[in-house]
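Asker: Below are the features I grabbed from TrEMBL:
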- A:56-75: transmembrane segment (TRANSMEM)
- A:95-119: transmembrane segment (TRANSMEM)
- A:153-177: transmembrane segment (TRANSMEM)
- A:197-223: transmembrane segment (TRANSMEM)
- A:243-264: transmembrane segment (TRANSMEM)
Amino acid sequence: MDQTNDPPRRKFLISRKIDKAFLDLHKVYIFNASIFREMFSRPFEFREVLNQFYEVGVRSLPLITLTGFIIGVVFTNQSRPSLATFGATSWLPSLISIAIVRALAPLVTSIITAARVGSNIGAELGSMRVTEQIDAMEVSAINPFKYLVVTRVLATTLMVPLLMLYTVLVGLLGSYMNVSANEQTSFITFMVKVFDAISFLDLFSSIIKSVVFGYTIGMISCYKGYYSSKGTEGVGKAANSSVVTAIILVFLEELISLQIIGALRNM
Amino acid sequence: MRKERFVIDYQDKVISIRGLYKAFDDFEVLKGVDLDLYRGENLVVLGKSGTGKSVLIKIISGLLRPDAGSVNVLGKDVDKINRKELNALRLKVGFSFQNSALYDSMTVQENLEFPLKRHDPSLTQKQVNSFINIVLEAVGLGQTADQMPSELSGGQRKRIGIARTLILKPDIMLYDEPTAGLDPITSQEINNLINAVQQRFNTSSIIITHDLTCARETGDRLVMLLDGQFQRQGTFDEVFSTDDERVQAFYNYNFID
């Protein structure tokens, strides 16, 4: 048997897993850079963007309405005993509005969007990848990245803030109905207390947060679906990991934004 | 049934491949492949599954990049042109996928409209419908325009996949396993369709297959991919008139005359 004195070839820079993690990170970076590059270059996919606005925005409304309203009712009901201990139930509208506007609405809207839309995008693009539909677009000289990815990311980025504002409205409506039934507070009084409690920074920061959450959900779902492999098993994994990864990232971003907004408030 | 001979211009190469190498991790698929496709020719690439036949046409269409070598399609070096030039080239190269790759959320009509309208937005709906009728009639499925891909049989999906590529009037057709998974009668219909496309639309084609009936009936010339290189080429009879055990094994196990 021939033997050489050559040192064994190193296949990996550090180890297979660490190398892969860095490569994946680089792939995500390239994916994000491509989204921004394609978003602002012609031709614009207006029709598909409108389709996706409908899919992400309008079709999420029933679920958002239900969950937003119930959260408003339940959170008000659960907060009442604590405030009643100090005879401060009149503070309910202020407490609820701050909780809904600052945290509940952006988070609930994002979680629902990740679950409903993110899984849908992950499965749809994953299925298109494994059945070569994405390749079919490519060989027809159609840019599948722009048509499938950019339109969906744009839709989630712009629709989640709007859905968040809608969640605020239905959440406050649920809260008002509960307060009205128990404390006989008028709608005007309720709304005055609400607007006294929340500031421009509260609303603005929630809108910005929702834009970031929406982008994260769209980007992660598209990334998982666009690069899915291994047949139908891969499609299932893409759908599942779209939701899980997006929700984890949304909570991490919430934690970071809490620090940033807290610092802004203290300035 | 043997195909009628079509006029082939052996002075005009529409695809010219030299020294093509492609590996996936440590697995070398193509090891220095040379290939020419002439205008008007149906060239069949034979080989066992996993020998890199599909990789070859994916490189030709720019879906994969070669590790080494040159791939010249209609005078353009696929690996060296920019995205805009590649897209212009892709309009002249039709790709029929093994599993048809029809857009399953669109009807047959929308599948055909989608590439056509995007590349020529000036077309009126009447003109679009007219083009669609022509290609649907050419593949013998004029009545399926309103159906969803899930409502079609495997053979019908293959035909619609071919129609979708024909609607852009390509000069070159790349067929990836056109008869895979089809019964013998439907396979025969697809073979006839491939020959009809060559004659009616004046296309040059590369047909990737391991189906020897398909190879015999559609190919003007055959090449056999073995161990990452083309080992045999010529007419069907020329390719299989050899004592090479690998070629004979392929013939004996896959072909019932």
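Numbering starts at 1 and runs along the chain as it is shown here.
Quick reminder: no glycine exception, Cβ is built from N, Cα and C everywhere.
TrEMBL: automatically predicted annotations, no manual curation.
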Asker: Report, as numbers and ranges, which residues of the same chain sit near the transmembrane segment (A:243-264): CB under 8 Å and 6 or more residues beyond its ends.
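Answerer: For the transmembrane segment (A:243-264), the list is 103, 106-107, 110-111, 114-115, 118-119, 122, 201, 205, 209, 212-213, 216-217, 220-221, 224.
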Asker: Under 8 Å between C-beta atoms and at least six residues away from its ends: which parts of the chain pack against the transmembrane segment (A:95-119)?
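Answerer: Distant contacts of the transmembrane segment (A:95-119): 55-56, 60, 63-64, 67-68, 71-72, 75-76, 79, 83, 156, 159-160, 163-165, 167-168, 171-172, 175, 193-195, 197-198, 202-203, 205-206, 209-210, 213-214, 217-218, 220-221, 239-240, 242-243, 246-247, 250-251, 254.
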Asker: Counting only residues 6+ away from its ends, which parts of the chain sit with a Cβ under 8 Å from the transmembrane segment (A:197-223)?
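Answerer: Residues 28, 31-32, 35, 93-95, 97-98, 101-102, 105-106, 109-110, 113-114, 117-122, 125, 148-149, 152-161, 163-165, 168, 242, 245-246, 249-250, 253-254, 257, 261, 264-265.
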Asker: Counting only residues 6 or more past its boundaries, what in the same chain has a CB within less than 8 Å of a CB in the transmembrane segment (A:153-177)?
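Answerer: Beyond its ends, the transmembrane segment (A:153-177) has Cβ neighbours at 35, 39, 49, 52-53, 55-57, 60-61, 64-65, 67-73, 75-76, 92-93, 96-97, 100-101, 104-106, 108-110, 113, 117, 185, 187, 190-191, 194, 206-207, 210-211, 213-215, 217-219, 221-222.
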